[in-house]
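Asker: As annotated in Swiss-Prot:
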- 6, 8, 70, 126: Zn(2+) binding site (BINDING)
- 47: substrate binding site (BINDING)
């Protein structure tokens, strides 16, 4: 199964890639109304992209299937040491605040999210004062 998770944002003046590279199969967007575009492959419409799907991508919010988020890049092992926990936490918190959790599961036990949730300001920690004050409010 292939999952389409990119956001389908292309400028209106996108070049004709079939003409440029000499073969078909390129995806293009036809901006046909405010906040919507038709996604075309070889001139045939296969999906309408609505503005509300741009941030996360088209398929995850339209399809009945779930979305699994898993970061990957192995240079210096940073992803395993700090990247996966931090990036997974950032993704989890952004999606939680955006109300997008109906069909999503995160890798690595949610990264460091379970351990940092107490520091995330959602009417918690030092709210409404800046984090890290020795005596909050003074």
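Each residue, glycine too, has its Cβ placed from N, Cα and C.
What you are looking at is a predicted structure, and each value in this text was computed from that prediction instead of being measured.
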Asker: If you draw a 10 Å sphere on the Cβ of the residue listed as 'substrate binding site', how many other Cβ atoms land inside?
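Answerer: Result for the residue listed as 'substrate binding site': 18 other Cβ atoms within 10 Å.
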Asker: Specify the secondary structure state of the residue listed as 'substrate binding site' as given by DSSP, simplified to three classes.
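Answerer: In three-state terms, the residue listed as 'substrate binding site' counts as strand.
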